[in-house]
Every structure is written in structure tokens, then in C-alpha cells.
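*Asks:* Structure provided below as C-alpha cells; questions to follow.
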Amino acid sequence: MQTYLLSQQFNTRSLAENSTACPANATICNGTSCVLTEDNFNETLSIILSTVLTIMLALVMFSMGCNVDIKKFWGHIKQPWGIFVGFLCQFGIMPLTAFLLALLFDVLPIQAVVVLIMGCCPGGTASNVIAYWVDGDMDLSISMTTCSTLFAMGMMPLCLFVYTKPWTDSNAIVLPYDSIGISLVALVVPVSFGIYVNHRWPSKAKIILKIGSIAGAILIVLIAVVGGILYKGSWIISPKLWIIGTIFPAAGYLLGFLLARIAGLSWHRCRTVSLETGMQNSQLCSTIVQLSFSPEQLELMFTFPLLYSIFQLLFALLILGGYRVYRRHRVKTKTDVEKTEEKEDSKSTSSHAKMNGGFVSNETK
């Protein structure tokens with residue numbers, strides 16, 4: 001965050017009073033709010049971690065591609081019903097939900113805009129990792145993430161034009177098309193290599209997938225931790241944004257699942273669409289707000305993308321935990337039923353043998 005010089009109008013007494021209310025290493029902006037001084041360590045750390053995270057993300061997406069069957073993937077492209085349902089969720093449900101939440105909580109105009117920007121962003125790549133862990137349709141997950149990032153080139157300006165009118169002029173929002181393009185390339189290229197490896201060397205692809213899925217889980221947690229470290233001076237924001245940041249991703253998961261189910265998709269595809277809907281590209285949202293607004297405005301809104309990313313991760317982990325418990329219980333129940341059926345079959349067979357003088361037909365064996 002930018003550091004600003006203390007205005008000449010404040011005297012020594014007000015400086016002392018404000019200093020007691022702020023951290024020792026803070027700079028006073030307007031006499032009431034404080035920001036941490038610019039830290040070269042943070043800047044260097046940000047560059048290093050951005051490079052490391054980008055490389056890790058490419059490797060994770062490469063491993064996710066190793067779980068994609070090119071025939072099934074192409075089937076989703078040729079018969080895009082699942083992709084269309086995901087499109088409705090991504091650019092229909094999410095922007096509308098953001099709009100309604102901003103109206104319901106009556107937030108400041110600048111805060112309403114950042115909520116809407118988050119709602120209009122395409123799906124994030126973390127959804128592909130979680131979709132793998134909940135036995136989702138990886139072919140649909142990858143195709144949805146790719147298509148939503150591609151469609152965002154046109155749908156983000158349209159949605160922002162429609163929904164931001166009550167608060168601001170949509171022309172004031174700068175959309176980083178280069179960043180969207182880079183995200184698309186960073187997604188498509190490693191996934192394409194992964195699909196090729198799965199096609200040529202399926203056994204090796206399975207090993208890469210297992211390693212990549214674990215690395216992906218580590219990467220998701222690492223991004224959340226890094227965000228908390230780099231932006232630790234921006235956590236004092238409106239309680240309303242905290243509430244919206246909690247409700248919004250949960251609503252995305254729930255509404256995405258319901259719409260997919262209403263559309264007649266199978267259960268594993270419903271889970272996939274749910275994750276693709278609730279998990280947004282928060283990094284893209286952060287880039288947009290930094291390019292579009294002044295430092296004074298950023299103080300009121302900059303932390304929201306990070307809040308959303310943390311809560312979307314927490315809810316995704318709850319979904320994963322709930323699914324794993326359900327799966328374990330279902331498998332256990334199924335096994336118990338099979339054992340009971342086997343016992344009943346063996347009893348009926350033995351009684352049948354006694355009745356027939358010990359003879360057992362080939363059909364009952």
C-alpha cells in the first residue's frame with residue numbers, strides 16, 4: 001500500500017495523539033486512519049513468492065491435465081450442456097448475488113463495486129484441485145475454467161455495465177485484459193501438456209496426478225497464508241464486508257449445485273459446477289481494483305478479495321470433509337449390505353443342499 005506524507009496542517013499534539021492510536025511503524029494518513037510504512041522486504045517477498053507460486057500453479061495445472069481424457073473433454077466441447085450450465089452460474093448467478101448482497105447490506109458505493117467485481121470474475125484454478133478431491137468431473141472442471149476465463153473477456157464488461165450503474169460509472173473500472181489473457185495461457189498450456197501425457201503415457205500420468213494433487217492442496221493453503229502476510233496492514237475494514245465475504249462464496253456453492261441439479265446433471269457434475277461457481281479468481285479481482293481506484297479508496301475495499309479467497313477455501317474444505325465422510329459411510333454401508341447378502345445366500349445354499357441330499361447345482365455356486 002502506498003505511503004503518504006503527513007499533512008502540514010497537523011500540529012505536534014495531534015501527531016502525538018494519533019501516534020498512540022497507531023502502530024509504532026505506521027504513517028498517519030488523515031489523522032484518523034493509519035497505514036504501515038512501505039516495506040522493501042514485503043515488496044521483495046511479494047516478487048519472489050509470485051514467481052514461486054506461478055511456477056507451482058503451472059505444475060499443478062499440468063498434473064490436473066493428466067486426469068483429463070481428451071475424448072471426454074472434446075465431448076464436453078461438442079455437447080456443452082454442462083459448460084452452458086456453468087456459464088449461467090458463473091455470469092448469471094454470481095453477479096446477481098453480488099448485486100443483491102450489496103443492496104441488502106447497504107455498503108458504501110466503492111465497497112459495492114468491489115463485491116460486484118468479485119462476482120463478475122471467472123472461476124479460479126483452485127476449483128480444479130478441489131474437484132479432483134471430491135471425485136468431480138475433471139474434464140468438465142477444466143473445460144469450465146478455461147471457457148469462463150475466455151468468456152470473461154466479454155462478459156465481465158457487460159456484467160459490470162449492467163450492475164454497477166447504481167453506484168458508479170462502469171467506464172471508471174479498468175479491466176486488465178492482459179492479466180486475463182495471461183491467466184488463460186497459464187491455464188491452457190500446462191493442461192494441454194497434461195492431456196498429452198495422459199494420452200501417451202497413462203500409467204505415468206497417474207503418478208504425476210497424485211503428486212500434483214498434493215502439491216495443489218499445499219498451494220491453495222500457501223496462497224492464503226501469503227496473502228495474510230503481505231496485506232496484514234489492510235485488515236481493518238467494514239464489518240459488513242466481513243459478513244458479505246462469508247456469505248458470498250457459500251451462496252455460490254449452494255446455488256451452483258442447485259442449478260446444476262435442476263438442469264439434470266449427475267451428482268459428480270453437480271459437485272463440479274458447485275465448486276466452479278463458488279471459487280472465483282480472487283487474484284484477478286485484486287488486480288482490477290488496484291488498477292481502477294486511488295489509494296484512499298483502496299483502504300475501504302482492498303482486503304475484500306483476500307477475505308473472499310479465504311472463506312471460499314474454508315467452505316471448500318468443509319465440502320471436501322463432508323464428502324469424504326459421506327463416501328466412507330456409504331462404502332461401509334454398502335460393504336455391510338454385501339456381507340449380509342452373502343451370508344443369506346450361503347444359508348439358503350446350505351439349506352438347499354440338505355434338502356437335496358448334499359447336492360449343490362452349478363447355478364448356486
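Just so you know, the numbers here start at 1 and follow the chain as drawn.
Each Cβ is built from the backbone N, Cα and C atoms, and glycine gets one as well.
Source: prediction; values computed, not measured.
Quick paste of what TrEMBL says about this protein:
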TRANSMEM  45-63  transmembrane segment
TRANSMEM  83-105  transmembrane segment
TRANSMEM  112-134  transmembrane segment
TRANSMEM  140-163  transmembrane segment
TRANSMEM  175-195  transmembrane segment
TRANSMEM  207-229  transmembrane segment
TRANSMEM  241-263  transmembrane segment
TRANSMEM  306-326  transmembrane segment
COMPBIAS  334-347  compositional bias 'Basic and acidic residues'
REGION    334-365  region 'Disordered'
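How buried are these features, and what lies next to them?
*Replies:* Proximity of distant same-chain residues to the transmembrane segment (83-105), defined by a Cβ-Cβ separation under 8 Å and at least 6 residues beyond the stretch ends, is recorded for 76-77, 111-112, 115-116, 118-120, 122-123, 140, 143-144, 147-148, 151, 155, 159, 162-163, 166-167, 240, 243-244, 247-248, 251-252, 255-256, 259-260, 263, 265, 273, 276-277, 280.
Within the chain, the transmembrane segment (140-163) has long-range Cβ neighbours (under 8 A, six or more residues past its boundaries) at 64-65, 68, 73, 76-77, 80, 82-83, 86-87, 90-91, 95-96, 98-99, 116-117, 119-125, 127-128, 131-132, 170, 173, 175, 177, 180, 183-184, 187-188, 191, 269, 272-273, 275-276, 281.
Counting same-chain residues at least six beyond the ends of the transmembrane segment (241-263), those with a Cβ under 8 angstroms from any Cβ of the stretch are 81, 85-86, 88-89, 93-94, 97-98, 101-102, 105, 107, 111, 115, 118-119, 269-280, 301, 303-304, 307-308, 310-312, 315-316, 319.
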*Asks:* State the residues, same chain only, that lie 6 or more residues beyond the ends of the transmembrane segment (112-134) and have a CB under 8 A from a CB inside it; answer 'none' if no residue qualifies.
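*Replies:* Contacts with the transmembrane segment (112-134): 57, 60-61, 64, 67, 86, 90-91, 94-99, 101-103, 141-142, 144-145, 148-149, 151-152, 155-156, 159-160, 163-164, 166-168, 173, 180, 183, 187, 209, 213, 216-217, 219-220, 223, 241, 244, 248, 271-272, 275-285, 288-289, 301, 304-305, 308, 312-313, 316, 319-320, 323.
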